[in-house]
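To keep things clear, I will list the structure first and then write my remarks on it.
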Amino acid sequence: MTNSRRHIFERICAKAFQSSLTCSIFGFTVLLILYLLDWKRIAQVPGPNLLKDLEFQRAWNDLEYISSLPHPYNSKQNEHVRSYILKSMRELEATNQSYITVIDDTLTNITFESTDNDTLTYFEGDNILVKFEGKSKDLFPILLSAHFDSVSTGYGATDDGMGVATVMAIARYYAKNQPNRDLIININNAEEDYLFGAKAFASHKLSKNVTAFVNLEGAGSGGKAMLFRSSNGHVSSAYFKGNHYPLASILGNDFFKRGVIRSQTDYIVYEKMHNHTAGLDIAFYENRDIYHTRKDDINHLMPSSLRHMMYTASNAVKNLLNDSKSDLTKFRKPMFFLAFGKYWQLNLPIYQVLNIIFAVICPIVLLLTLIRFPSLYEQLKKPRYTVCFVVSCIFVSIFDTLTVLLLTWINPYVINSHTGLILALFYLTNLIALAFSFRAAATHSKLSSEDLSSIEIVFIWYAQILWYLVFIVSVILSIYFQLGSTYWVTLSYLCTFTCCIMTIIRINYFVDNVVTTQTTHEEDALIGSSINTSSHQHYGSTLNSTPHRRNSIALSNRAHVKLIDNIWTVIYFIFNVPFPVFLCYDILVETILPAGSQTLTDSVFSSKLYKLVIFVVFLSLVNSGPFIFRALSKKSLAVLTMLWITLFVQALSVNPFTESAPLKLSFVQMYDMDRMNNTVYVKNISPFTQDVLSLNPHFLFSNGSCNTSLCYYESTDPDFGGLKTPMSIHIEREKHQLDISINSGSKWCYVDFNTSVFFEAINGNSISGMYSSVRMGQRSFYAPYTLNLTITEVVKAEVTCLYDDIHEGIIPAYNTFVEHLPSWVAGVKASTGLLKVKSSIVI
C-alpha cells in the first residue's frame, strides 16, 4: 500500500512538472515572491520615531523657508536664506556651550587659474561654518557639508534644501551632545556656480586637518537619498554600520568618474583637499527631469525623502565621529553592492584579485570535469549545437540593434519619461528573439529527439562560455579603469558556473539510473508481448494479472524518471536564470535608468544609453535560452509577438515628454549695451524647441530662427528700474598703470581682453600674473569691482555682468518665455546668468 501511494505521488509530481515551462514558472515564481518581499523591505524609509532626537518637524519648517523662492548666489533671496540659516546657527552658540563656535566667513577670498593658465577666477566666499570641538584632541576632524544656494530657475527644495535642513538638524543635535572628535559644518554658497563655496572652504584654516567628510546633495528631485560615491572602504562602512535603510550603488562612483553623469558636486573639491580627504557623497537622484526646474519645490516632495536623508546622514556622521582611528584616509578604494537583500562590502583591490582567481580557476575546474565526462565533451563539440547557439546569439544581436536603431531614429527621447515601457519592450525583444532563433536553428539543424533531450545541458554550457568572455572583458575594464560596477557580471558568471557544476552532478546521477531506464524499456517490450498473448485468454484468468502488474511498475518507473528530470530542470533554472535577471533588473531600475534616462537632452544626443540597457537585458536573459527554447510553444510565441508589436508601436508614437518628466529647455538672454539690442538663446532640441517657441509671440514677431544647436529671437529688454545703463565702467590711467572700476549691481562680472595683460590686484587682493580673462564673484551687489592692471599697448576688453534674480523683475524675457511653455516643458538656466549684459571698451 505504501509503495502504491509513493508511485501515485510521483506520477502526480511528474504530471505537475511535465514541461520545461511549468518547471520554469515554478522556479521563477518562488524566487519572484522572495525578491518582492525583500524589495518591499528595501523600499522602506525610517519612520518619525527614529528621528526624535533630530527634530524632524523643525527641519521640515527650515526646508519650507529655504525653498520658498529661487535663491541663486546672485540674488537678494539668497541673502535672506543666508541670514535665516546664520541666525539659526547663532542660536546654538547662544546656548553657552563652550565647544560650539559659529563663523560668519566673509573674509575668505580665493583666486585660481584655469587649466590653460589664461583665465583667472576671483571669488569672495560667504560660507557659514560651525565647529563642534570634540572630547578627544588626538583625532582629526570630520566635515559635514551642504550648499544653500539654488539655481536661478528652481526653488532648490531637493538641490539642496533638504541637505541644508539635514545639516541644521544634525547641528542642533550635537549642540546638545558633544561629539567624540571635532565636527566642522560647512553650509556653503555658490555651489551651483562651479563649486566655489567648497573651494573657498578648502582654503580656510578649518579645512587643514579634516580627515573625512559627508557631503549632502541633490542630483535629482525627491525619492530616497543614495550613497553615490565613497573614497574608501572604511568610510563606506561608516555609512552601512547600523543603517537599517541603506541605499547605495557603486555605479555612482563609476558614472561620475567616467562622465556618464556630467554634473558635479562639492565631493570632488573636498576629496582633493590637502592629503586627499576621504568622504561620502549622499545625494537624491530620482526624477532628474524636474531637477533644476521650478517643480523642485516642497509641493513635489514627500516628508519620507527628508526623513531618509536625515537618518542615513546622521548615522554616517555618528559612526565617523565615533571611529577610534584618527586618520581615515589611508584605506583602499571601496566596493559595495546589493545581493540577496543585503549590501556586501569589500575593497576594490580584493574584488579585482577575486575576479582574476575566478577567471583562472573556474575554467580549469570545468575543463577537468570535461575530462572526467568525455560524453559531455562529445556533445559540446557537435557542430550543429555550436551553430545553433552562435546563430541564435547573432540573430538576437541583429534584432536588438534594429530595434534600437528604429527607436532612436523615430522617437529618440522616448526613454526620458517611459523607462518602464522601454524596459518591457527590450525584455520582450530579447525573450522573443531567443526563443524564435533557438527554435528555428534547432529545426533547421534537424535535431533528433535524443538531441533535444541533451540540448538543455549543452546550451547551459554555451551560455557559461559566453558569460566567461563577457567576464574577462569586465575584469580588464575593472583593472584598467578602476571600476567596481562590473560586479553584476562577476555574480552572473558565477551563477552559470555553478549551474554547469549542477549539470555534472546530474550526469553522474543519470548514470546511476541507467539500469532503471533500461528496465523500463525491457518491461515495455514484455508488456507488449504479454498483451498480444493475453488477447487469446479469457477475462479474469490468472495469466492476465502479470501484464497489469508489469504495466504498473513500468509506468511508476517512468513517472519517477520524469519527476527526477524535471526537478533537475527546476534546479537549473533556479541557479541559472532568476538571480542574473533580478541583478540586472535592479541595476537598470535603481541606478542606470534613473541616472541616465533623463540626461539625453543635456548634451548632443547619443544612443549609448539604449545600447547599454538592451545589452544588459540580453545578458540577463541569455541564460533562459535553454528553457524558453523548449518551454514556449508556437502559440505562446505568437501571443508574445503581438504584444511586442503593440509595445513597439506605442514606443514609436508616444510623446517622450510629460508634465512629470518635462523637456528642459535652457535659456539665456544677451543684452549688448553698445548696440542696444538683446537676443534670447534657447537650446534647440529638434523638433520640439521650434514647436514650443511657435507659441511664444516674441519668437513669432521677431522672426526668430534656429540652427542645429540654438534657437534665437529678440525679446523684451531687461528692466533695471529706470536705469538706461545698468553697468558703468570707470578707468583711471597713470602711464602704464590702469585702474578699472565696474559698478553693475551684480555679484558676477567677467572681463575678457584681446590679449594677455598683467594683473596686479583685484579688489585690493594681490594677484601678479598675466591673463587674458578674469571671472569675478563678490559678496556685495553694490560694491564696485576694481582691477589694477599694467598694460604697454592698446587693449580691447569686453565686460560682461550676469543677472539671475527672476523675482526682481530684471529679466521679463524669461518670465514671458516660461508663461508660453506647455505643461510638458520646463525652462532651465543655460549657465551662470540668465541675463548677460555686456559692453566693450578700448584702453
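Cβ atoms are placed via backbone N, Cα and C, with glycine included.
According to DSSP, Glu191 (active site, proton acceptor) is assigned to coil rather than to any helix or strand. Of all Cβ atoms in the protein chains displayed, 28 besides its own lie within 10 Å of the Cβ of Glu191 (active site, proton acceptor). The annotation active site, proton acceptor is assigned in Swiss-Prot to Glu191 on the grounds of similarity to another entry.
Taken from Swiss-Prot, the feature Zn(2+) 1 binding site covers His147, Asp159, Glu217, and the record attributes it to similarity to another entry. The DSSP secondary structure for Glu217 (Zn(2+) 1 binding site) is strand. Neighbour count (other Cβ atoms within 10 Å of the Cβ, all protein chains): 28 for Glu217 (Zn(2+) 1 binding site).
The Zn(2+) 2 binding site annotation in Swiss-Prot covers Asp159, Glu192, His292. Of all Cβ atoms in the shown protein chains, 25 besides its own fall within 10 Å of the Cβ of Glu192 (Zn(2+) 2 binding site).
Taken from Swiss-Prot, the feature N-linked glycosylation site covers Asn96 (among others). For Asn96 (N-linked glycosylation site), applying a Cβ distance below 8 Å and a minimum sequence separation of six or more within one chain yields no residues.
Annotation comment: Swiss-Prot describes Asn109 (among others) as N-linked glycosylation site, evidence class sequence analysis. In the three-state DSSP scheme, Asn109 (N-linked glycosylation site) is classed as strand.
In three-state terms derived from DSSP, Asn117 (N-linked glycosylation site) belongs to neither a helical nor a strand segment and is classed as coil. Feature annotation from Swiss-Prot assigns N-linked glycosylation site to Asn117 (among others).
In the three-state DSSP assignment, the secondary structure recorded for Asn209 (N-linked glycosylation site) is coil. In the structure as shown, the Cβ atom of Asn209 (N-linked glycosylation site) sits within 10 Å of 16 other Cβ atoms. Annotated N-linked glycosylation site per Swiss-Prot: Asn209 (among others), in sequence order, evidence recorded as sequence analysis.
What Swiss-Prot records for Asn275 (among others) is N-linked glycosylation site. Non-local neighbourhood of Asn275 (N-linked glycosylation site): Thr329, each in the same chain, at least six residues away, with C-beta under 8 Å from its C-beta.
Using a 10 Å Cβ-Cβ cutoff, Asn322 (N-linked glycosylation site) registers 13 neighbours. Among the features that Swiss-Prot reports, N-linked glycosylation site is placed at Asn322 (among others), with the record citing sequence analysis.
Contacts of Asn677 (N-linked glycosylation site) defined by a Cβ separation under 8 A and a same-chain sequence distance of 6+ are given as Tyr671, Glu714, in order along the sequence. According to Swiss-Prot, the N-linked glycosylation site annotation covers Asn677 (among others).
The N-linked glycosylation site annotation in Swiss-Prot covers Asn703 (among others). In the three-state DSSP reading, Asn703 (N-linked glycosylation site) counts as coil.
Per Swiss-Prot, N-linked glycosylation site is recorded for Asn707 (among others), and the stated evidence type is sequence analysis. Asn707 (N-linked glycosylation site): 8 other CB atoms within 10 A of its CB, across all protein chains.
The feature N-linked glycosylation site is assigned by Swiss-Prot to Asn754 (among others), with sequence analysis given as support. The Cβ of Asn754 (N-linked glycosylation site) has 12 neighbouring Cβ atoms from other residues within 10 Å, across all protein chains displayed.
With a 10 A radius on its CB, Asn788 (N-linked glycosylation site) counts 19 other CB atoms from all the protein chains. Residues annotated as N-linked glycosylation site in Swiss-Prot: Asn788 (among others).
Residues or ranges marked as site 'Transition state stabilizer' in Swiss-Prot (evidence: similarity to another entry): Tyr291. Residue environment of Tyr291 (site 'Transition state stabilizer') contains 26 other Cβ atoms, counted within 10 Å of its Cβ in all protein chains.
The topological domain 'Cytoplasmic' feature in Swiss-Prot is assigned to 1-16 (among others).
Of the glycosylation sites Asn109, Asn117, Asn703, Asn109 has the largest number of other Cβ atoms within 10 Å of its own Cβ. Secondary structure counts, DSSP: the topological domain 'Vacuolar' (478-484) has 4 helix, 0 strand, 3 coil.
Cα to Cα, Asn109 (N-linked glycosylation site) and Tyr291 (site 'Transition state stabilizer') are separated by 30 Å. Ranking the binding-site residues His147, His292 by how many other Cβ atoms lie within 10 angstroms of each Cβ puts His292 at the bottom.
Comparing C-alpha positions, Glu192 (Zn(2+) 2 binding site) sits nearest to Tyr291 among the recorded positions Asn117, Asn209, Tyr291, Asn703, Asn788.
Within the topological domain 'Vacuolar' (408-417), the DSSP-based counts of helix, strand and coil residues read 6 helix, 0 strand, 4 coil. Taking only the Cα positions, the spacing between Asn322 (N-linked glycosylation site) and Asp159 (Zn(2+) 1 binding site) is 29 angstrom. Sitting within 8 Å of the Cβ centre of His147, Asp159, Glu217, and not among those site residues for Zn(2+) 1, are the Cβ atoms of Ala146, Gly156, Asp160, Gly163, Glu191, Glu192, Leu216, Gly218, Ala219, Thr265, Asp266, Ala283. Helix, strand and coil counts from DSSP across the topological domain 'Vacuolar' (588-608) read 10 helix, 0 strand, 11 coil.
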